Structure formats: structure tokens, C-alpha cells
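What Swiss-Prot says about this one:
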| type | residues | note |
| --- | --- | --- |
| REGION | 1-34 | region 'Disordered' |
| TOPO_DOM | 6-87 | topological domain 'Cytoplasmic' |
| MOD_RES | Ser16 | phosphoserine |
| TRANSMEM | 88-108 | transmembrane segment |
| TOPO_DOM | 109-131 | topological domain 'Lumenal' |
| TRANSMEM | 132-152 | transmembrane segment |
| TOPO_DOM | 153-288 | topological domain 'Cytoplasmic' |
| REGION | 215-235 | region 'Disordered' |
| TRANSMEM | 289-308 | transmembrane segment |
| TOPO_DOM | 309-320 | topological domain 'Lumenal' |
| TRANSMEM | 321-338 | transmembrane segment |
| TOPO_DOM | 339-771 | topological domain 'Cytoplasmic' |
| ACT_SITE | Asp376 | active site, 4-aspartylphosphate intermediate |
| BINDING | Asp716, Asp720 | Mg(2+) binding site |
| TRANSMEM | 772-791 | transmembrane segment |
| TOPO_DOM | 792-801 | topological domain 'Lumenal' |
| TRANSMEM | 802-822 | transmembrane segment |
| TOPO_DOM | 823-842 | topological domain 'Cytoplasmic' |
| TRANSMEM | 843-865 | transmembrane segment |
| TOPO_DOM | 866-917 | topological domain 'Lumenal' |
| TRANSMEM | 918-937 | transmembrane segment |
| TOPO_DOM | 938-950 | topological domain 'Cytoplasmic' |
| MOD_RES | Ser942 | phosphoserine |
| TRANSMEM | 951-969 | transmembrane segment |
| TOPO_DOM | 970-984 | topological domain 'Lumenal' |
| TRANSMEM | 985-1005 | transmembrane segment |
| TOPO_DOM | 1006-1022 | topological domain 'Cytoplasmic' |
Amino acid sequence: MGKGAASEKYQPAATSENAKNSKKSKSKTTDLDELKKEVSLDDHKLNLDELHQKYGTDLTQGLTPARAKEILARDGPNALTPPPTTPEWIKFCRQLFGGFSILLWTGAILCFLAYGIQVATVDNPANDNLYLGVVLSTVVIITGCFSYYQEAKSSKIMDSFKNMVPQQALVIRDGEKSSINAEQVVVGDLVEVKGGDRIPADLRIISACSCKVDNSSLTGESEPQSRSPEYSSENPLETKNIAFFSTNCVEGTARGIVINIGDHTVMGRIATLASGLEVGQTPIAAEIEHFIHIITGVAVFLGVSFFILSLILGYTWLEAVIFLIGIIVANVPEGLLATVTVCLTLTAKRMARKNCLVKNLEAVETLGSTSTICSDKTGTLTQNRMTVAHMWFDNQIHEADTTENQSGISFDKTSLSWNALSRIAALCNRAVFQAGQDSVPILKRSVAGDASESALLKCIELCCGSVSQMRDRNPKIVEIPFNSTNKYQLSIHENDKADSRYLLVMKGAPERILDRCSTILLNGEDKPLNEEMKEAFQNAYLELGGLGERVLGFCHLKLSTSKFPEGYPFDVEEPNFPITDLCFVGLMSMIDPPRAAVPDAVGKCRSAGIKVIMVTGDHPITAKAIAKGVGIISEGNETVEDIAARLNIPVNQVNPRDAKACVVHGTDLKDLSHENLDDILHYHTEIVFARTSPQQKLIIVEGCQRQGAIVAVTGDGVNDSPALKKADIGVAMGIAGSDVSKQAADMILLDDNFASIVTGVEEGRLIFDNLKKSIAYTLTSNIPEITPFLVFIIANVPLPLGTVTILCIDLGTDMVPAISLAYERAESDIMKRQPRNPKTDKLVNERLISMAYGQIGMIQALGGFFSYFVILAENGFLPIDLIGIREKWDELWTQDLEDSYGQQWTYEQRKIVEYTCHTSFFVSIVIVQWADLIICKTRRNSIFQQGMKNKILIFGLFEETALAAFLSYTPGTDIALRMYPLKPSWWFCAFPYSLIIFLYDEARRFILRRNPGGWVEQETYY
């Protein structure tokens, strides 16, 4: 082979200039579609000569420095391209001018406009509109800052990918090893890695020694995978001769050729995909947009109607414009933006106490709308620790205890065969407990060693006592470690029993172990391994394998003292001791068991109408076993394979629609069209996707979204980040999750437990219900705030309610009660109903507007006007004489206006009475809002069923009353807010109306419960 002068024909797999140029011309969409496809590599199929031909690399000397420099200049550095980021000021502006804020800004601008018109046309303009504009602007700015602060902690996806990129790499150039910056690594470089290194690029392994890599961040498989030059699988993600960029080498050494760098590596593709995906609008954002349309529609309709009416009534153009602006602004619920934000924040805090950390406030409600959950298996549905589940000895399967607190089944530990089996499992085992953990429960202890050996170690420690003492009594003499060729691990120990000097113990793949045995241990005695026993072994092996468990076989041999005296020189290179004709002792099988709370959580999801789909990189048999264990595939539901086995017919003769459950293999998924995938998602209620790749997880999420589902996705690996980002709500794991997955997600489960998602769904549904109640409560007071202005225009009476007083209601008395509804407990079991349909079940619908504006609001307005007319009548102005009095009433120079009894009133005296009316109207609204708050507690139940257990709400009732009294009676508020003290009797004017509201709504809900689905429900149930 020529020395490193790379062949001119060489075109790297995915980094050629052609690819670069064509990429520029393609649209972003095409690029993302390309990234969603499976990784296509053929380097794992090439032999060493073909690799040399393709990359022009001398397989011993590496590239020449000059050639490496050329390739670096052509392909660029080995780094991930950061995506275009949104500047912080734009994010801030989105919070400040997006969604509900735009309505308040419009109101503020209209207020300033109205004030400007008044300044230009009137000598002494009132400052009300100026105050209102300033207050509205302040509310939006404060709420915007609050929301920005809440979400500023989010979405730095690429930063966490950067942490995964190794800093240094050991390359061989011109036959010399040198450590260079990983960014300088080029395609065709010869790279060496050892245990503890991070892989600097995608490598095709050309030589290896006991090399194992941890691919969990990429594939989700927790077991270290061995790496060697052999081509072992068609799938490049599963073959043994490719090591992937940013995964870790955990033991051994390897040498490989760089086949892809930077963005073109498998990890780079995932990073680009995750950061490039467009994220849709959250359901609550869509609801708020819909709400704004409704409120704006109502405001503009009323404004324009009364603008035309005021022109007909003879007002000037400028007056009509002021009225138009006033009506539109009066329709804006100033306090609602703050209320919604605070309600979502309170729920987010409540969820954090239940181990759900919400990064994005809107995600709180999205989780409640979820109709499909695509859940990862390892660590989410399962405990993420391999545990011994079954043993087979004495021709019998024994069940081990897999519970987290060891409260499960026990088996006979006195058997001589168990004694022998446990001794082999303890001695033929390299796993050890890490130091200083004596006080930690055995199952929680950290172990140095792979997952299977850790499971065996913990099992034996629990059942038989100290493993280290057992090892001390039987010191290891020699060992043959496990390798992929012979598939067993063997060690020879000094024997503490008197029957022989040395004991040979072996474990490995069951069929390989059985082949090396001629006898079997039954009830402590060696018996010949006949066909009957082989069949019994085969049945046990198939049964345990069918449960999705990883099965290991164990055997031993007592080496006779005559042949193997003390000090015998055992040789593991050329074995000078028997490795056949051994005695088979038994099987032990391991599984990552389901978490205790998961089956119940899956059951809750099912009764809540939520479809739970398992998406895992694990083997289909294991995935199906866990799915059955946790109830994702419920008892009695069969897959096509189950039906075929039951009817004893080929699988292809079974109609897929007959099977409710379905296990889809990743390789089959690769060949499915969108339509076929949609069919699977539509016709099967219980689905498991096994052996899936990151791209496929994303395709599954998109498929569910095409069905109209609101999709939640759980994941912990880097491989999950595109799906987490694309889902309506991405849920990452707080303990086992990679930084990348946490950054891509909207919510983090602090305890990695699927059951916490169900708690989150419950909270999300509750906050949607409670937001409805909060909005209904807040909007109702809009009518008694708008109608005084309308009567002022139509009937030409003194203004019954001032702008400043409206602000005191919206941003004062109504705030705490509206927020208190966020603490209201659920009316019924909200986890027994179907997920809401975002198209039909809106946060604010016509029925809510009809109830708030057309019914309860009107009764409230009557209460306000009653107190207004009572005060004016007590001061001498009867209602009939008020019509048409406005112009004279507001004239500064009219100092002798006569009332109904002929008394004369100066301008200042009139205004004191008017402002007292404002205060009384304000107090009346507070009193009728008591009843409104109580009826908003429940949408269907009677208030007597629901009870008054919400302490915050009771505090809200007292708080709004105390605030109203404070504003009315505190000296100085007459000057600052134009609020005047009221006679005690005037407080009672609105009481009858408050009672009417309460009785009216109790009667409505009674009819609603008596006639479900009837006319009253169709017209009034919001």
C-alpha cells in the first residue's frame, strides 16, 4: 500500500464539495427530510483493501500531514455547526408583544390617542385615558418580563451538544502518533482510542483489543457494546465495526479510520435535526389567540355600533371617536394576562413539587390536552437496573424478587444446587461494589462492572450474604474474560470445600455452556446430561427468553487434587485444564423490571382516553414482555404473531385488523409509507415500536400528529432529542437524561418515573378547567364596566362608573379571587374523561361569553345601576330627570343646576355626588362578584357538593371586600382616585342581585345535571 498519498478518486461519503454546493441550493425542508431518513453507510461492509482504495489511507502509517491539511481545507473542521440562534431581545419582544399582550398594547395606544384628541379639543381634559394607557403599558411590561424570566432558562440545545464533543484525539500520521485538537481530525485519518476516551468522529474499526463502547446516548442501549473489525449487521447502527462520534470507549483499545466528521456524523445529523425542527404553536397559545379574536370581535362590534349610534344621536365626530375608543378599551380585561400567567406559574410550582419540572409555562396546559404518549422503555417504564428475575435449577424455574423494596416472592435457598449456582454467580463475576457504601441498601449501591454482572452481584449479596467474603474464601487463580468468539467467561479458584483443591467456574450464553457439559447437578448430585434433561433445559431457556429476559448459563468442575495439586501452573493461552465435560448447574435470567407505579399509571392513562405507545431501541421480545408487564398491551389483547401461534397458521394469513395490539420492528418501519404508518396508528389501540432509530422516533411522532393527536414524548438519550423537540410536549428524564434531551424538552421528570407524567396530565387538565373558571369570573365584570359607558352615551346621564374605578376592579379587587380559582380542586374525576378536542373544546367559547356577558354580567350591571340611581335619588335627582342632563352636568360654568326638588348644585358638588356614584357602582360590582366567584367554583356540580374548602378563595372574598372598603374610606383616595366614602346602607343595594346570581346559577346547574346533553347544557355549559 502506498504511503498515505490519498487516492485522487476519493470522495468522502457525505462531505464532498458536490454535497456542499447542492446543499446550498436545496431548501431547508428538503435538508430536514434528508436528515429524517435512516443513516446510509456502507463502510462497515468494506474489507481493508476496499477501505484503503476509498480513503487512500495507509492502514499502518495513516495520512501524510500534507494530505490531512488538504482535506481539512476542503471539508472544514470536525465540529458541529451552531444553528442560527434567536437573539435574546427578539425573545423578549415576543413575550412583550405576542399573544394576549397585543390586545393590551392596542388598548394602551387607543387610550393615548383618546387623551391626545381630548388635549387638542378640550380646555381642561380629564386625565383618565392617560392613566389608563400608562397602567395598561405597565401591566404588559411587568407580565412580559415575568414570562421572559420564566422561559429564559430554556432552549440552548446546541450548547449541550457542544459538551459532547471531545477536545483531543490521538491520530497516526506518517506512522507517528500525535495528540491533536479533535477539530483538526479529517476524513481518512487513522485514529486510536482507549478506555475512557470519547470517540472523536465516526470510525470504521480496523483493529481492536477487548474494546467496548457505551452507545447509550445514541441508541438507548445501556449495556456496553463490543467493537471489533468484523462486519456483524446490515444496520450500520448495530454493526460491531463502527464506533460513533461522541460515544464513550469504556474499556480496551481500538484503531479506526475516520469515515465522517462534524455535521455528517450520525450524532451530527441528530444535532442538526433537533435544532432545525420547526415547533408548532402550543394548544394554550392557540386558545389565547382564539380568545383574543372573540374579545376583539365583541369590542369592535360594540364600539362601531355605538360610534354609529352616537353620530345618529347628534354627537360630534370627535366625541364619537372618543366613545369608540372608550368602548373598545372597556372591553379589554386588563387583569386577565397577569391572571393567566400567575395561574400557569402556580401550577408549574405545584407540578415541580410532584417531580415535574416545567421549563415552558404553556407546556403546563399542553400536558393536560395530551391524547397520545410515546414513551421510552428503559428508565421511564422500567427501573433502569438489570435485576435477576428467574433461576432454573433442579429442573424447576424459580422466581426471584424484582421489587424495589424486596417485598416480593421468596424461593428455597437451602437447596444444594442453589448453593452451587450462587457460588458460580459470585465467583465468575468481575463486578464489585464501590467503596464506602456499607450503609446504603444493597439494591441502591453503585457497582463497578457491567449491568448483567451487577445484577448477579446484588442478587447473591441479597440472598447469600457478603460476596466479597465468599471471594476471599475462594481466591481467583486465573481467568479467561468473556469475548464475542467463545461467548463464555471462565475462572479458576482455590476451593474452600474439602472435596478438591481447585474449582473451575464458567458462565456464558446458555447453549454454549450446555455444549461444554456432560453432567447436570440435580439436588446436589451430578447426573448424566441425557436427552430428557437437554429438552428440559431447552424448554426453560425458551420460556425465559420469551419473557424478554437475558439468560445466562452456569457450570462448574471440581478439579481433582491428583491432577491439579497445589501450585499447579494453569495456562489460559493454551488451556492445560478441562473446558469440556463440565457439570451444568443452572440458568439465571435478568430483566430491567417495570417500575412499581407504572402499571397503575398506564391504567389511568387508558381510562383518561390517552393512548400509550412504547418506542424503544430494545429487542421486540423484551419490549413486548415489558409492554405486557406494565399494561401497554393489556391482558387478552393479541398481536398478529399471537393469533398466528394460537391458530397455528402463518403470520401472513392473519388479517392485521383482527389484532388490537401490534409490535412493529424498526426494520419494518423503515419500509412503511406514511399511509401504512397512519393505518397502524389508527387501527391498533396498543402499539409497541421496537429496535427504532432516532429518525424513526421522529417519524412516529409526526404520524401521531397527522392523526390530530396532541403528542407527549418521553426520552433520555441524545437520540430522543429530535422527537422531544417535535412533540407537542417533550418530557426528558432528570436523572438518566442527557443534557441534550433536557434542553430539547419542555418538561423534565425529576424522578424519571412515568407515573409522574400522569400526575402532570391531571394537573394540566385541572388548570384548563380552572382557567376557564378564572376567565368566566374575570369577563363577567366586563359587562357592569361597559354598560355604564353605553347608558352614558345613549341616555345622556352623568357617567355612572369612571375609568380609574374600572382599573381598581380589574387590577385590584378581581385579581386575587381570579387567581384563587387556580387552587380549586377538580369537580369530578377528570382522569375518567376523554382528552379535550382542541378543535371543539375551546378555553373560551360562545357559551362562556353568553353566560358571562349575556346572563350573569347583565344581572351584575342591574345591581350597579340600582345603587347608582339610589344615591342620585337620595341626593335629589330622580331617574326620570337624569335623562339628557349630561351636558349641563359636565359644564364647568353651570353653577346652579337644579335637581328634582329645585335645589341648586354647583359643579364641584355635582362631581362629588358623581364620584360617590362611581364608588358605589364599584362596591356593587365587588358584592355581585362575590356570588360570581362562588358560582365559578364549579361548572356542573352544586356548590353544596363542591364545598368551600379552597382557603385561597375564601381569602380572596375577604381581600376584595377589604380593598373596596380601604379605597372608599381611606383619606386621600378622594383626591388620588376620586373615590368617596359611602353610607353603610349603600353597601346593601347590590345584595339582592348577588343572591339572584347565586340562585339562578344553582338552578341552571341543577337542570344541567338532571338533563345531561339537554338544551340547557348545549346553550350554557362552558
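Just so it is clear, glycine is given a Cβ too, placed from its N, Cα and C backbone atoms.
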Could you break down the residues of the region 'Disordered' (215-235) into DSSP helix, strand and coil, giving a count for each?
4 helix, 3 strand, 14 coil
Apart from its near flanks, which chain residues at least 6 from the ends of the transmembrane segment (289-308) lie with a Cβ under 8 angstroms of it?
99-100, 102-103, 281, 320-321, 323-325, 327-328, 331-333, 775, 786, 790, 793-794, 842-844, 849, 853
For the recorded positions Asp376, Asp716, Asp720, which Cβ has the most other Cβ atoms within 10 Å, all shown protein chains included?
Asp720
If you draw a 10 Å sphere around the Cβ of Ser942 (phosphoserine), how many other Cβ atoms fall inside it, taking every protein chain shown into account?
13
When you check the transmembrane segment (88-108) against the transmembrane segment (321-338), do you get at least 3 Cβ pairs under 8 Å, counting only pairs 6 or more apart in sequence?
yes
Euclidean distance between Cα atoms of Asp376 (active site, 4-aspartylphosphate intermediate) and Ser942 (phosphoserine), Å:
42
Are there residues at least 6 beyond the ends of the transmembrane segment (772-791) whose Cβ is under 8 Å from a Cβ of it, and what are they?
291, 302, 306, 323, 326-327, 330-331, 333, 335-336, 339-340, 343, 797, 799-801, 806, 809-810, 814, 817-819, 821-822, 824, 843-844, 848-849, 851-853, 856-858, 860-861, 863-865, 868, 921, 924-925, 928-929, 932-933, 936-937, 939, 1022
Taking just the CA atoms, what is the gap between Asp720 (Mg(2+) binding site) and the residue listed as 'active site, 4-aspartylphosphate intermediate' in Å?
9
Residues from the same chain, set at least six apart from the ends of the transmembrane segment (843-865), whose C-beta lies under 8 A from its own:
284, 287-288, 290-291, 294, 298, 768, 771-772, 775-776, 779-784, 787-788, 791, 800-801, 921, 924-925, 927-929, 932, 935, 989-990, 992-994, 996-997, 1000-1001, 1019-1022
Would you kindly list the residues that approach the transmembrane segment (321-338) from elsewhere in its chain, counting only those six or more residues past its ends and only Cβ-Cβ distances under 8 Å?
100-101, 103-104, 106-107, 110-111, 113-114, 117-118, 129, 132, 135-136, 139-140, 142-143, 295, 298-300, 302-304, 306-307, 310, 315, 775, 778-779, 782, 785-786, 789-790, 793, 803, 806-807, 810-811, 814-815, 818
Among 132-152, 951-969, 985-1005, which stretch has the most Cβ pairs under 8 Å to the transmembrane segment (918-937)?
985-1005
Helix, strand and coil totals (DSSP H, G, I; E, B; other) for the topological domain 'Lumenal' (309-320):
8 helix, 0 strand, 4 coil
Summary of DSSP states over the topological domain 'Cytoplasmic' (823-842), given as helix, strand and coil counts:
4 helix, 0 strand, 16 coil
